[in-house]
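So the structure is just underneath, and the comments pick up after that.
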Amino acid sequence: MDVVNSTARAAVTSATAVTAVTGTGDRHPNPLSSAVAAASDVANAHGSSSWLGLFARVVLWLLQFVSMVLYYAIKLATISVPTLLYTLFSTSLTVTMNATTLMLIVAAMIGAISWVVRYRYLNMYSRLPPEPQRKEPDVDLFPDTHEEGIKSGLSNYFDEFLSAIKIFGYLERPVFHELTRSMQTRKLIAGESFNLEEEKGFCLVVDGLVEIFVKSSSYNRRYPHGPYFSPNSEAPSSDDEHPAPGQQRYQLLTEVRNGAPMSSLFSIMSLFTEDVPLRHADEDNSEPGTTTHSGLFPNYPASADFRKSRVRMDSVPNTPQMDASASSSANNLPGQLDRGLPHVPPISLDGTGFSKPQRPVPKRSNTTSAHPDIIARATVDTTVAIIPASAFRRLIKIYPKATAHIVHVILSRFQRVTLATAYNYLGLTNEVLQIERQMLKYTTQQLPNHLRGDALDRLKEKFKREVERMGEEDDVSKGIALHNARAGRRRRSTATLRKEAALQAFSKQRNISSMSGSSLAIPNAGDLVTHLQQSRGGGNRAQSVAFTDGPSPHLDVEREAVSPLAQRTFDPFVTPRSIHVALEKRETLDEDNLFRESILECMFRSIGLTGSGGSNKDADSNQASPRLISFDQRRQKALYTNHAFGFMDGLDGSADGDTESITSAGLSLPASPNPQFLAQEMRDEMEIVFFPKGSVLVEQGERNPGLYYVVDGFLDICTQEDAAASDVVHPTSRTSLHAMDSAQSIRSPQRSPQPFAESMRSGNKVDDAEIKSKPNRRSVALIKPGGLAGYVGTISSYRSFIEVVAKTDVYVGFLPLTSIERIVDRYPIVLLTMAKRLTNLLPRLILHIDFALEWLQVNAGQVIFHEGDESEAIYIVLNGRLRLVEDRKDGGMNVKAEYGQGESIGELEVLTETSRSGTLHAIRDTELVKFPRTLFNSLAQEHPNITIKISKIIASRMRALIDDPSTMLGIKDSSGRSSINKSSTTLNLRTVAVLPVSAGVPVVEFSNRLLSALTEVGAPNGATSLNSAAVLNHLGKHAFNRMGKLKLSQYLADLEEKYGLVIYVADTNVNAPWTQTCVAQADCVLMVGLADGSPEIGEYERFMLGMKSTARKILVLLHQERYSNSGLTRKWLKNRVWINGGHFHVQMTYSPNAVPIHPPAKPSGPTLRERVQILQAEIQKYTSRKVRHSPFYSPDAPFKGDFHRLARRLCGKSVGLVLGGGGARGIAQIGIIRAMQEAGIPIDIVGGTSIGAFIGALYARHADFVPIVNAAKKFSGRMASMWRFALDLTYPSASYTTGHEFNRGIFKAFGNTQIEDFWLDYYCNTTNISKSRAEFHTSGYAWWYVRASMSLAGLLLPLCDEGSMLLDGGYVDNLTVSHMKSLGSDVIFAVDVGALDDNTPQAFGDSLSGMWAFFNRWNPFSSVANPPTLAEIQARLAYVSSVDALERAKTLPGCIYMRPPIEEYGTLDFGKFMEIYGVGYKYGQEFLAKLRERGGVLPIGEEMGGKKGLRRTMAPRRASI
């Protein structure tokens, strides 16, 4: 305590001193001194023993410490510091320093500042956040676990039966019950055989295994003509002997397993068309008492052959007897027919009949079996179900509408399965063309004689004047159509207006007939037309409305009262004074209409429409009944059609778009109409067209535009003889692009024939015009006047196997496909007639192939075969998509190939009898043709020439592998995995789904623009778009329920068969059935998102992932402006590992507000407007005329748009630009790009090497020429600076420079932009010297991989990327054309600017002195070539593989090789920027001009924009007469 007291006293003393200092001159007491005094008093009063005293002392100590601090602070500020400053400033200092020391100090300061700037400011590129390359994701596989041949669920009879009757298409419940209620089953023990010729019905295997055999070599020895025998020849009956199948008499065709039909497509057509006549007799020959077998068919003369055929069919055992009345009615024919007396037709001027008597068509064989020469043997105990023929006959009578639909489905599949396979795959050209040739005898109907004299001459004179008036610039070969003033009004009318017009016409005819009894004839010049009408109606009086025979003056009054466009109300019995009368304009129009009506009548009779049904009173009343006509118009809505504008049929029906059942019409289906009435109704749709000699009316491989009736002249049915051979020997680039990882993975090059497709992909070595001007055609048949061209292809809506060419100047009547399809919908007898004719004309070889081929329908994810399975069949894709995968050793899967429509799988394995090289599964629901190995073996033994076609196919695959080994070796990405060849995944796409990422994306507007771009680009066979409204309008409100599922699938399959590309627009809610349909039907899914929106995963993406779709998925980002911010694309791709098809940037203006994905329901106005726009776009393909005397391309060509770029990608027509390396010589590439842009050539994909990678990246970033010039010029200026090069030198341990200046120059051009943000697809290649391979980079920082691709060894350091060292890509491949081809590019512009090799011969001996070589280099008088230096040897060694790759690139199909004259410029001549740029620009202009002049293939050519459809449709150039 003494210490504390002493301390306190000292503190008091110091505080007193402070108080004295601070309190001087202040009268008021100091608060600090007062506090200290008070604390001291308290401490003294209480002492140290109490707590209060202790606290007071602590406070006293704190106050004393504060006072001491204040004291010293005030002293330092007021006394010490001023004193020190005064002393410092008053002192004199002298520093002595020499210049060396000063320079060293300044140098140190400059070095420090330079270090800060160099490593803290100028190398910002090295401090960018790491963004590694995006790995190409593996394709998700969700294969079905069901084994082949085992059905899901309970494998019972019902499942197997339903699987077998899928071949009939969609069957409603009543139709299904009617077809199966008389079905019988038959048990077969193992080894039991039975003759299918005795089975008059549809047979299918419910349980077990059956082998199908056909008569073999003994038949060929008896009939030595082999497969080329006449189909009408007599065949021996098989009733006399039934040898065992193991003998030589029979060959094994195929094996039929559970759920597969034993009957063929031909058998089904035979069962449905038993009672259909081959040729419908004219009305003049019809007897009033003839009857028909069913309500579907009109009265036709039943011959004795048909009656006997019916007797034989009705006497078949196990056939129900409920058709006794029908058979008895067939037998109770007039006696004179039974006696075979000749029938004398009445005298008439009607010339529609044949001028010479037609001999009856001989029967194919003595039996009417639907299974000729076929027997079956059960391998195991088997259950067979049989639907008798009587069930089919009963179905025709009860449900004729459903029957027509089934026949349509069967006929379509027969064309797609049997005929297409025989023609394209087996090379049976003669057999298929024989059908076309022999069909002419059924489709010939002559015009009336009075239309062949002066009337025909006047018609020719009109066309002659028009041809003379046309200029040389007009292409007459496209055809000149006769002007029809009513055609425009007809096109603008709807189905409802047509119905009202028809009713009005019928009512007027009845009114006239009631007033014409007491009339007088007032002849005038127009009576010629009425005379012709009288001639035409001479044989149709029984079917016409009852007119009186007296002349009528009311006719002329009516003619004056109404418009000339309504000239349907005239008296057909007014006779003219003279036929040689000068016709006025209106009468000329009437004569033209008369020609149209007469041609239509001949057409209708040729296709099976006759007026014989008019003799029936009920039929007459039906024709005149407005209620029934309206009902019939509505009835056609429920039929399946292949309309070009099939989705518009909803406007013809009810307002809600619903349709009635197929079976609702029942027995009310009217008989065949009167051809005259139908011709009057449709005459405005008929065109009379003139084609000069040599014009092509129908091209081989295209869909028939319609029916051509020859009025005068000759048409030649021919085939391109070497078309198939060229496809086999010289496969197109599309074929060579398939991803084949091994020789076992092959595919067929035989697709649907596409004329001139080869020339579009043959590079600049093929003259397209020369190919078109000199086709190698082989004539098949000649169509004379009265004949019909395009009958089979038009009625069946399938591609044409033939080519129709004008043999002479020809005048034809043309009825478009849409009109034909409407007729087929309303009158099913047209389909049945053609089916009957086909069954009568088919050669036996085609029939046997039809029995062996199997039509399969597999579900999405279902496995067709597994890796290592036995190769028992070849598969051909009808529609859908398949993927072949193989297992990797690490447990993953590699995609080997994808197969689309028309491609085949497994030929090599079947021929070599090896096991499958991979697992094949369906990406989506797919239809296949199964070509069994047993059929191939049978054909090889019986007809060895058939196997030549398949042998050529396999040889072409092997040749493609040899010519382009990269397709077999695959492409390695940066991780070393085998990436998926994109060409195989974008090749032959048939369906594309447009799916929004989330609600609010304008997918409807996007799909409309995409469809327009596809139309202009020229998608093969056209493109169409489907949304939910279109499907509901066409199929009704039950389209998406269980009942309509098969109906919807059949409708979608027909659309895929008809169009080259179908776009499914998911414009409904995320859980709607239509959204599920879009995803399930897609070969490729376009995920459309708004670039400015949130990159989070949307609800539609979750829905798609939940469906486990294995289709290709492409991300499409919509931008308001043509620019993408850096890093934006990476944010979208980061969470979407399932995007395995790349991404696209598309500029499309849209409202920033949320756009409802499914707008609320509105009246039919908007829907009608959308459909009218689509209709106009379709018509524009055929009516638009190209502007003459203009270049192929213009700078503002719309083909450079983003939608056109996406359309070319989907169609496999992408244009690639490959830029090679060459240092400063690469500046010439900028000039070539400018020339291409001015020529209007679009560029979709850019790839480059070295300096080409730099130029290509600049162009891909902006997709424009202007921005790249400035950036490239700045970079060239930096590279030309010697000071920068000198400052960048370093000790040459790894390179001569540090690479900083080089990096800085590239970074200033690109910044932190990533390759994903480039507007165009881009890649650059490098050489990975760590792993000794080439690598291609499509993601990551652009400057980084461009720098790596430009890293010249020795001059620059290699770049380290994920542990690997990357150098210049030119060491391996300086012109990456093969990789560009693998990305799916169709046409490739390759610009080579590399240095030329010095091939000077060397002879410096076995040893060489370095001193001699040095002096020899500087000796101007030496005649010995200078030996290469060490650096030159190393450089040549490095580029050895690149030279070989360059030579392969020059000869690659589809590659247009360009090399500007830049040999005089060096690698580092960057200072000559403008000079080199000018050389490239001038060369590009000259090269493209020469290419265009000599007809070289450019990416926008004549085949785009729908020009092919201009020549043969309703819109050839009209004659203004």
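Don't overthink the numbers, they just go from 1 along the chain as shown.
The backbone N, Cα and C atoms fix where each Cβ goes, glycine too.
Counting every protein chain shown, the Cβ of E685 (nucleoside 3',5'-cyclic phosphate 1 binding site) has 23 other Cβ atoms within 10 Å. Marked as nucleoside 3',5'-cyclic phosphate 1 binding site by Swiss-Prot: 670-789.
Cβ contacts within 10 Å of L853 (nucleoside 3',5'-cyclic phosphate 2 binding site), excluding its own Cβ and spanning all protein chains shown: 22. Sequence annotations record features per position, and here Swiss-Prot assigns nucleoside 3',5'-cyclic phosphate 2 binding site to 837-957.
Taken from Swiss-Prot, the feature compositional bias 'Polar residues' covers 316-334 (among others).
The annotation compositional bias 'Polar residues' is assigned in Swiss-Prot to 738-753 (among others).
Positions annotated as motif 'GXGXXG' by Swiss-Prot: 1221-1226. DSSP states for the motif 'GXGXXG' (1221-1226), grouped as helix (H, G, I), strand (E, B) and coil, give 4 helix, 0 strand, 2 coil.
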DSSP three-state assignment (helix, strand or coil) for D869 (nucleoside 3',5'-cyclic phosphate 2 binding site): coil
Residues satisfying Cβ distance under 8 Å from R837 (nucleoside 3',5'-cyclic phosphate 2 binding site), sequence separation of at least 6: L278, M439, Y442
Rounded Cα-Cα span from Q901 (nucleoside 3',5'-cyclic phosphate 2 binding site) to Q700 (nucleoside 3',5'-cyclic phosphate 1 binding site), Å: 18
Between L715 (nucleoside 3',5'-cyclic phosphate 1 binding site) and S917 (nucleoside 3',5'-cyclic phosphate 2 binding site): CA-CA distance (Å): 49
Among L715, V885, the most crowded of the binding-site residues [Cβ within 10 Å]: L715
Nearest of the binding-site residues (L853, V885, Q901, R933) to E685 (nucleoside 3',5'-cyclic phosphate 1 binding site), judged by Cα-Cα distance: Q901
Spatial neighbour of L715 (nucleoside 3',5'-cyclic phosphate 1 binding site) that is closest, considering only the binding-site residues L853, D869, R933, K949 and their CA atoms: K949
Taken over the motif 'GXGXXG' (1221-1226), the model's mean pLDDT: 93
